[in-house]
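Take a look at the structure below.
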Amino acid sequence: MTNMKNKFGNKLIGAHVSAAGGVDQAPLRAREIGANAFALFTKNQRQWVAKPLEAKTISAFKANCKMLGFGAEHILPHDSYLINLGAPEAEKLDKSRAAFIDEMERCNQLGLTLLNFHPGSHLKKVSEQECLATIAESINLAHKTVPDVVAVIENTAGQGTNLGWKFEHLAEIIEQVEDKDRVGVCIDTCHTFTAGYDLRTKEDCERTFAEFDRIVGMHYLRAMHLNDSKVEFASKVDRHHSLGKGEIGWDCFEYIAKDSRFDGIPLILETIDPDIWQQEINTLRQFHLAAINNQ
(Lines of atoms letter the chains of each structure in order from A and count residues from 1; the text may use other names and numbers.)
(Lines give C-alpha, C1' and ligand atoms only; values in the text may rest on other atoms or scores of the structure.)
Protein backbone atom coordinates (compact mmCIF):
# COMPACT_ATOMS: atom_id res chain seq x y z
CA MET A 1 0.00 0.00 0.00
CA THR A 2 2.79 2.41 0.86
CA ASN A 3 4.48 1.95 -2.50
CA MET A 4 1.18 2.58 -4.22
CA LYS A 5 0.72 5.84 -2.34
CA ASN A 6 4.26 7.03 -3.11
CA LYS A 7 3.76 6.32 -6.79
CA PHE A 8 0.30 7.82 -7.12
CA GLY A 9 0.27 10.54 -4.47
CA ASN A 10 -2.90 11.03 -2.43
CA LYS A 11 -5.41 10.78 -5.27
CA LEU A 12 -7.38 7.58 -5.86
CA ILE A 13 -8.03 7.72 -9.61
CA GLY A 14 -9.65 5.06 -11.76
CA ALA A 15 -12.60 4.14 -13.96
CA HIS A 16 -15.75 2.04 -13.95
CA VAL A 17 -14.36 -1.24 -15.24
CA SER A 18 -16.14 -4.32 -16.54
CA ALA A 19 -16.83 -7.25 -14.22
CA ALA A 20 -17.49 -9.59 -17.17
CA GLY A 21 -16.34 -13.08 -16.29
CA GLY A 22 -16.72 -12.38 -12.58
CA VAL A 23 -16.17 -9.51 -10.14
CA ASP A 24 -12.70 -10.89 -9.43
CA GLN A 25 -11.66 -9.68 -12.91
CA ALA A 26 -12.43 -6.02 -12.13
CA PRO A 27 -9.28 -5.25 -10.08
CA LEU A 28 -7.13 -6.80 -12.82
CA ARG A 29 -8.75 -4.56 -15.44
CA ALA A 30 -8.28 -1.53 -13.21
CA ARG A 31 -4.58 -2.19 -12.87
CA GLU A 32 -4.25 -2.61 -16.67
CA ILE A 33 -5.19 1.06 -17.10
CA GLY A 34 -2.87 2.26 -14.34
CA ALA A 35 -5.70 2.92 -11.88
CA ASN A 36 -5.40 2.96 -8.09
CA ALA A 37 -9.20 3.04 -7.68
CA PHE A 38 -12.11 1.53 -9.57
CA ALA A 39 -15.87 1.17 -9.79
CA LEU A 40 -17.81 -1.93 -10.78
CA PHE A 41 -21.23 -3.56 -10.84
CA THR A 42 -21.38 -6.56 -8.50
CA LYS A 43 -24.22 -8.02 -10.61
CA ASN A 44 -25.86 -7.38 -14.00
CA GLN A 45 -27.11 -3.82 -13.63
CA ARG A 46 -30.09 -4.43 -15.93
CA GLN A 47 -31.54 -7.38 -14.00
CA TRP A 48 -33.55 -7.33 -10.79
CA VAL A 49 -32.25 -10.60 -9.43
CA ALA A 50 -28.82 -12.19 -9.83
CA LYS A 51 -27.48 -15.48 -8.58
CA PRO A 52 -25.56 -15.16 -5.30
CA LEU A 53 -21.82 -14.58 -5.40
CA GLU A 54 -19.93 -17.85 -5.18
CA ALA A 55 -17.43 -18.35 -2.37
CA LYS A 56 -14.59 -18.91 -4.86
CA THR A 57 -15.42 -15.63 -6.66
CA ILE A 58 -15.45 -13.72 -3.36
CA SER A 59 -12.10 -15.24 -2.39
CA ALA A 60 -10.58 -14.49 -5.81
CA PHE A 61 -11.83 -10.87 -5.68
CA LYS A 62 -10.31 -10.33 -2.24
CA ALA A 63 -7.05 -12.01 -3.26
CA ASN A 64 -6.72 -9.91 -6.43
CA CYS A 65 -7.46 -6.70 -4.51
CA LYS A 66 -4.88 -7.59 -1.87
CA MET A 67 -2.27 -8.52 -4.49
CA LEU A 68 -2.77 -5.21 -6.34
CA GLY A 69 -3.08 -3.00 -3.25
CA PHE A 70 -6.77 -2.11 -3.58
CA GLY A 71 -8.45 -1.50 -0.21
CA ALA A 72 -12.16 -0.94 0.37
CA GLU A 73 -11.55 2.82 0.28
CA HIS A 74 -10.36 2.51 -3.35
CA ILE A 75 -13.46 0.75 -4.65
CA LEU A 76 -16.88 2.21 -5.51
CA PRO A 77 -19.52 -0.42 -6.40
CA HIS A 78 -22.55 0.93 -8.29
CA ASP A 79 -26.04 -0.49 -7.88
CA SER A 80 -28.54 -1.50 -10.59
CA TYR A 81 -30.12 1.20 -12.77
CA LEU A 82 -33.53 -0.43 -12.23
CA ILE A 83 -33.69 0.49 -8.55
CA ASN A 84 -35.88 3.45 -7.52
CA LEU A 85 -35.68 3.94 -3.76
CA GLY A 86 -38.27 6.72 -3.97
CA ALA A 87 -40.78 4.80 -6.09
CA PRO A 88 -44.36 5.97 -5.47
CA GLU A 89 -45.91 2.54 -6.16
CA ALA A 90 -45.66 0.02 -3.31
CA GLU A 91 -44.79 -2.95 -5.54
CA LYS A 92 -41.92 -1.17 -7.32
CA LEU A 93 -40.69 0.27 -4.03
CA ASP A 94 -40.62 -3.15 -2.34
CA LYS A 95 -38.79 -4.62 -5.33
CA SER A 96 -36.29 -1.74 -5.33
CA ARG A 97 -35.63 -2.01 -1.60
CA ALA A 98 -35.08 -5.77 -1.80
CA ALA A 99 -32.68 -5.31 -4.73
CA PHE A 100 -30.80 -2.51 -2.92
CA ILE A 101 -30.41 -4.64 0.21
CA ASP A 102 -29.10 -7.47 -1.99
CA GLU A 103 -26.56 -5.05 -3.52
CA MET A 104 -25.46 -3.99 -0.03
CA GLU A 105 -25.13 -7.61 1.06
CA ARG A 106 -22.96 -8.34 -1.99
CA CYS A 107 -20.71 -5.41 -1.06
CA ASN A 108 -20.48 -6.71 2.49
CA GLN A 109 -19.54 -10.20 1.24
CA LEU A 110 -16.77 -8.69 -0.89
CA GLY A 111 -15.42 -6.65 2.02
CA LEU A 112 -16.51 -3.38 0.38
CA THR A 113 -17.79 -0.44 2.40
CA LEU A 114 -19.29 1.93 -0.20
CA LEU A 115 -22.38 1.52 -2.42
CA ASN A 116 -23.04 4.23 -4.99
CA PHE A 117 -26.64 4.70 -6.17
CA HIS A 118 -28.96 7.13 -7.94
CA PRO A 119 -31.48 8.42 -5.38
CA GLY A 120 -34.80 7.93 -7.18
CA SER A 121 -37.68 9.44 -9.14
CA HIS A 122 -41.11 10.73 -8.11
CA LEU A 123 -42.63 9.92 -11.56
CA LYS A 124 -45.02 12.90 -11.07
CA LYS A 125 -47.07 10.78 -8.66
CA VAL A 126 -45.89 12.19 -5.33
CA SER A 127 -44.28 15.44 -4.19
CA GLU A 128 -40.51 15.94 -4.15
CA GLN A 129 -40.57 15.99 -0.34
CA GLU A 130 -42.49 12.69 -0.12
CA CYS A 131 -40.10 11.06 -2.58
CA LEU A 132 -37.00 12.30 -0.70
CA ALA A 133 -38.46 10.99 2.57
CA THR A 134 -39.11 7.60 0.95
CA ILE A 135 -35.50 7.47 -0.30
CA ALA A 136 -34.21 8.19 3.22
CA GLU A 137 -36.53 5.52 4.65
CA SER A 138 -35.18 3.05 2.07
CA ILE A 139 -31.62 3.80 3.20
CA ASN A 140 -32.61 3.37 6.86
CA LEU A 141 -34.17 -0.03 6.11
CA ALA A 142 -31.04 -1.17 4.26
CA HIS A 143 -28.83 0.01 7.15
CA LYS A 144 -30.90 -2.01 9.62
CA THR A 145 -30.51 -5.14 7.47
CA VAL A 146 -26.85 -4.94 6.38
CA PRO A 147 -23.96 -3.73 8.58
CA ASP A 148 -21.00 -1.50 7.71
CA VAL A 149 -21.77 -0.47 4.10
CA VAL A 150 -22.12 3.28 3.44
CA ALA A 151 -24.96 4.41 1.15
CA VAL A 152 -23.33 6.87 -1.28
CA ILE A 153 -25.96 9.05 -2.98
CA GLU A 154 -25.03 10.22 -6.49
CA ASN A 155 -26.21 13.63 -7.59
CA THR A 156 -28.17 13.51 -10.85
CA ALA A 157 -28.48 15.69 -13.95
CA GLY A 158 -32.19 16.25 -13.29
CA GLN A 159 -33.48 14.37 -16.32
CA GLY A 160 -37.18 13.63 -16.24
CA THR A 161 -38.45 13.21 -12.69
CA ASN A 162 -35.11 12.18 -11.16
CA LEU A 163 -34.36 13.81 -7.83
CA GLY A 164 -30.90 14.50 -6.45
CA TRP A 165 -29.93 17.20 -8.96
CA LYS A 166 -30.17 19.97 -6.37
CA PHE A 167 -27.75 19.98 -3.46
CA GLU A 168 -30.81 20.66 -1.28
CA HIS A 169 -32.26 17.27 -2.32
CA LEU A 170 -29.11 15.51 -1.09
CA ALA A 171 -29.17 17.45 2.18
CA GLU A 172 -32.84 16.63 2.73
CA ILE A 173 -32.20 12.89 2.27
CA ILE A 174 -29.16 12.92 4.58
CA GLU A 175 -31.09 14.85 7.24
CA GLN A 176 -33.60 11.97 7.43
CA VAL A 177 -31.02 9.15 7.48
CA GLU A 178 -30.61 7.88 11.03
CA ASP A 179 -26.99 6.66 10.82
CA LYS A 180 -25.11 9.69 9.49
CA ASP A 181 -21.82 7.76 9.51
CA ARG A 182 -23.20 5.43 6.85
CA VAL A 183 -24.43 7.97 4.30
CA GLY A 184 -22.39 10.02 1.86
CA VAL A 185 -22.43 11.67 -1.55
CA CYS A 186 -20.81 10.97 -4.91
CA ILE A 187 -20.56 14.13 -7.01
CA ASP A 188 -20.66 13.50 -10.75
CA THR A 189 -19.14 16.49 -12.56
CA CYS A 190 -21.26 16.04 -15.69
CA HIS A 191 -24.48 15.80 -13.66
CA THR A 192 -23.47 18.77 -11.51
CA PHE A 193 -22.79 20.92 -14.58
CA THR A 194 -25.93 20.02 -16.51
CA ALA A 195 -28.03 20.42 -13.34
CA GLY A 196 -26.98 24.10 -13.29
CA TYR A 197 -23.85 24.31 -11.12
CA ASP A 198 -21.03 25.73 -13.22
CA LEU A 199 -17.59 24.09 -13.24
CA ARG A 200 -15.95 25.63 -16.32
CA THR A 201 -13.38 27.76 -14.51
CA LYS A 202 -11.46 27.54 -11.25
CA GLU A 203 -13.67 30.34 -9.89
CA ASP A 204 -16.80 28.40 -10.90
CA CYS A 205 -15.44 25.33 -9.10
CA GLU A 206 -14.71 27.39 -5.97
CA ARG A 207 -18.28 28.71 -5.96
CA THR A 208 -19.93 25.36 -6.67
CA PHE A 209 -18.01 23.42 -4.03
CA ALA A 210 -18.50 26.23 -1.50
CA GLU A 211 -22.23 25.91 -2.15
CA PHE A 212 -22.04 22.12 -1.77
CA ASP A 213 -20.15 22.56 1.51
CA ARG A 214 -22.71 25.07 2.80
CA ILE A 215 -25.78 23.01 1.86
CA VAL A 216 -24.57 19.40 2.25
CA GLY A 217 -21.09 19.51 3.83
CA MET A 218 -17.77 18.45 2.27
CA HIS A 219 -17.40 15.84 5.02
CA TYR A 220 -20.18 13.87 3.29
CA LEU A 221 -18.25 13.68 0.00
CA ARG A 222 -17.21 10.02 -0.27
CA ALA A 223 -16.52 9.70 -4.02
CA MET A 224 -16.64 11.49 -7.37
CA HIS A 225 -17.40 10.61 -10.97
CA LEU A 226 -15.17 12.63 -13.29
CA ASN A 227 -16.97 13.16 -16.59
CA ASP A 228 -17.07 15.96 -19.12
CA SER A 229 -20.43 16.82 -20.69
CA LYS A 230 -21.59 16.52 -24.30
CA VAL A 231 -24.46 18.88 -23.59
CA GLU A 232 -24.58 22.50 -22.56
CA PHE A 233 -24.70 24.03 -19.10
CA ALA A 234 -27.97 23.62 -17.14
CA SER A 235 -29.51 21.46 -19.90
CA LYS A 236 -30.75 18.82 -17.39
CA VAL A 237 -29.50 16.11 -19.77
CA ASP A 238 -27.02 13.37 -18.84
CA ARG A 239 -24.52 12.82 -21.67
CA HIS A 240 -20.94 12.08 -20.63
CA HIS A 241 -17.88 13.02 -22.68
CA SER A 242 -14.13 12.41 -22.46
CA LEU A 243 -12.25 14.83 -20.19
CA GLY A 244 -11.51 18.14 -21.88
CA LYS A 245 -13.56 17.29 -24.96
CA GLY A 246 -16.92 18.51 -23.72
CA GLU A 247 -18.60 21.66 -22.43
CA ILE A 248 -16.82 21.62 -19.04
CA GLY A 249 -13.19 21.53 -20.17
CA TRP A 250 -9.94 20.64 -18.42
CA ASP A 251 -9.86 23.44 -15.81
CA CYS A 252 -12.40 21.64 -13.60
CA PHE A 253 -10.51 18.35 -13.62
CA GLU A 254 -7.18 20.06 -12.99
CA TYR A 255 -8.82 21.86 -10.05
CA ILE A 256 -10.04 18.58 -8.54
CA ALA A 257 -6.68 16.85 -9.13
CA LYS A 258 -4.80 19.65 -7.36
CA ASP A 259 -7.19 20.27 -4.43
CA SER A 260 -6.46 18.19 -1.32
CA ARG A 261 -10.16 18.14 -0.34
CA PHE A 262 -10.57 15.47 -3.01
CA ASP A 263 -7.73 13.27 -1.71
CA GLY A 264 -8.39 9.77 -0.40
CA ILE A 265 -11.76 9.19 -2.10
CA PRO A 266 -12.42 7.24 -5.33
CA LEU A 267 -12.31 9.58 -8.36
CA ILE A 268 -13.91 7.47 -11.06
CA LEU A 269 -14.01 8.04 -14.82
CA GLU A 270 -17.24 7.12 -16.60
CA THR A 271 -16.06 8.82 -19.77
CA ILE A 272 -17.11 7.47 -23.14
CA ASP A 273 -13.85 6.13 -24.61
CA PRO A 274 -12.25 3.35 -22.53
CA ASP A 275 -9.30 3.34 -24.95
CA ILE A 276 -8.09 6.65 -23.48
CA TRP A 277 -8.88 5.99 -19.81
CA GLN A 278 -5.21 5.35 -19.09
CA GLN A 279 -4.30 8.64 -20.76
CA GLU A 280 -6.99 10.52 -18.78
CA ILE A 281 -5.80 8.92 -15.53
CA ASN A 282 -2.19 9.85 -16.29
CA THR A 283 -3.12 13.47 -17.04
CA LEU A 284 -5.05 13.79 -13.77
CA ARG A 285 -2.17 12.21 -11.89
CA GLN A 286 0.34 14.62 -13.49
CA PHE A 287 -1.77 17.57 -12.32
CA HIS A 288 -1.87 16.09 -8.82
CA LEU A 289 1.83 15.30 -8.58
CA ALA A 290 2.73 18.75 -9.93
CA ALA A 291 0.65 20.32 -7.14
CA ILE A 292 2.42 18.17 -4.51
CA ASN A 293 5.85 19.06 -5.89
CA ASN A 294 5.03 22.77 -5.79
CA GLN A 295 4.03 22.74 -2.11
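In case you wondered, yes, glycine gets a Cβ from its N, Cα and C as well.
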Candidate from H191, H219 that Swiss-Prot assigns to the same Zn(2+) 3 site as D238, H240
H191
For the Zn(2+) 1 site that Swiss-Prot gives with H78, H118, which of E32, E54, E154 also belongs there?
E154
Hey, Swiss-Prot has Zn(2+) 2 bound by E154, D188, E270. Any idea which of H122, H225 it lists too?
H225
Around the C-beta of E154 (Zn(2+) 1 binding site), how many further C-beta atoms are within 10 angstroms, looking at every protein chain?
21
Out of D188, H225, E270, the binding-site residues in the record, which is closest to H240 (Zn(2+) 3 binding site) when you go by Cα distance?
E270
For D238 (Zn(2+) 3 binding site), the nonlocal same-chain Cβ neighbours (under 8 Å, six or more residues apart) come out as T156, A157, Q159, C190, H191, T194
Three states by DSSP: which one describes H118 (Zn(2+) 1 binding site)?
coil
Rounded to a whole number of Å, the separation of the Cα atoms of D188 (Zn(2+) 2 binding site) and H78 (Zn(2+) 1 binding site) comes to 13
Measuring Cα to Cα, how many Å separate E154 (Zn(2+) 1 binding site) from E270 (Zn(2+) 2 binding site)?
13
